[in-house]
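Everything on this sheet refers to the single structure shown next.
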C-alpha cells in the first residue's frame, strides 16, 4: 500500500537525476569524452564488420569473418543495433536500416524460434525503433505513433509468438515455430524468465495498436508465476507450463529467473501499476530473507530456503541497477562493489563465480561480453554520480579492447583465465553492452532527458507528449518511451468524435439522427488497459459505466447512446 505509492511516484525519473556538472569524474581525472569516443569507435568496428561479413545472417563470427543464424534468421544484429545508432547520433544510417528491414525481414518462415529471445530482441528492437523514428528524421506516416511499418512488423512478430501462450496455465512454451505454431512434442518445461518477460513489449504493443491480446497474455503469465510461488515467497528456475509443477527448484536472482523480477519493476513503472510493484516488493523481501548474504545473492531451495549453490552468476549483475530503480541505492552500491571486485580479478565477469572459493566454476569461465554490470553502473551513476562507476566503465573499455578485439569485430571470451576467444559476437554486444557504456559516458544524451525538453505530437486521438525522458529499457536495452502508451487511447478519439457531432448538432439544429464515424482499423477491440485498472483512469471515462452491458472500452460493439454516455450525457436517437 503505502510503500508502493511511495515508490511509484519518483520511479520514472530516478535515474535521470541531474547532479552538479563535473561531480566525481573530474575529481578522479577520468576523461569521459575520450572514453565516449572509444566506445563509439568500438561500436563501428563491430557494426561495420557485421555489415561487411555477416549480413543478412543474425550474427557475426569475428574469428572467421563470416555470419551465422542463431535465433531465427532475422538479421538480428541489425534489429538489435538500430536504436544504438540513434543514441550515437547516426540518423542517416538509422534511416537506411529502417528501409532495409522493411524490405528484407520476413517472419513467415519455417523456423523454430525462442519465444523469449524473439520478444526481447526482435519485438523490443522494432518497437523501440518505431517510437524513435520521428526523432531520427524518418518521415512517419499519418497516425504515428499509433501506426507505422516498424510497429506492424513488431505486431506481426509478436502474433507469431501468441500460440505459445495457449496452455492450461497461460504460461508459454519456450519455443514456437513461426510458420506452424507450437510443435507437437514440444517440451512443456520453460524457465521462469521465459514466462515473465513479456509485459514491457506486449503492453506497449497493446497500447499502440489497441489490441488487448498482447498485454492480456503477458499479465496472465506473470500472475501464473506469482500464484505458483512457494510458501516462503520464492519462485524456482524451470516450471512445467501444462501442470504448473516446478521442475528446477533453485531460487535466486540470476539465469532463468532474472528478467521476471526486472519486468515486474519496469512493467510497474511503464504502466504505473501498483499491483506489479507490490508483487516485486513481496519477492524482494523473500530474496533478502533467504538468498542475501553479505551483499551477495546465493541460490537456495525454493521451498526450504537452504543454500543449493553459493555461486554468483554474471547475469545477476543487473540487480544493483534494478535496486536503484526502486530507490534502494545504498544496498545497490554495496552489491555492485562486490561484483566489481570480481571484474577486477579477471578483467570481465565469468559466467559463474564460486563465492566461498573466490574463483571461477569449471566450464563456466567465459565472458560473452555481457552488459549487466555496465547496465547497473549506468543506472547507479545517474543516481549517485559516484566516480567509481565511471571507473568500471573505463575498465570495461580497456578489457574488451585488449582481450576481445579482433580484425573482424569483438569475440566472446571463452576463458577469462587465459583469454582464449570463441568465434561469436552476440547481438546484445551492440544492443546493450556498447549502448550502456556510451550512456555511462554521455551525460547529455537525449535518453537522459529530465523532462525539460519534449515534443508534442498530434495524433488522430489528440495531442500527446513524446521524448520527454524516463525511457524504460527492455531487457535487451531497447528504450521504450512510456509517454507513447498514452498517445493511442480510444477514449480520446471518442471525445474528438463526440465534439464533432456536437458541433454538427448545434450548426444544423434540426438533425434527427447521428451516426458515429467508424474508428480506424488499428483501434478495433478493447483498449489494452485491464478493466480492473479502469479506476485509475479519469473520472470522465468511467462515468455512467453501468448504463450498458458492454464494457465502455469495447468501442466498436457499442450503441451510439452508450458511447455518448461515456461523456456523461445521452442524446436519444429519436430526439
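Here the Cβ of each residue, glycine as well, is placed from N, Cα and C on the backbone.
Per TrEMBL, the stretch carrying the note region 'Disordered' among 475-515, 516-556 is 516-556.
Between the alpha carbons (Cα) of residue 475 (Ca(2+) binding site) and residue 351 (active site, proton donor) lies a span of roughly 18 Å. Distance from the CA of residue 258 (active site) to the CA of residue 372 (active site) is 11 Å. Of the listed active-site residues 117, 372, the Cβ environment within 10 Å is emptiest of other Cβ atoms at 117. Cα of residue 351 (active site, proton donor) to Cα of residue 258 (active site): a distance of 14 Å. Of all the active-site residues given, namely 258, 351, the one with the smallest number of surrounding CB atoms inside 10 A is 351. In this structure, the C-alpha atom of residue 117 (active site, proton donor) lies 14 angstrom from that of residue 258 (active site).
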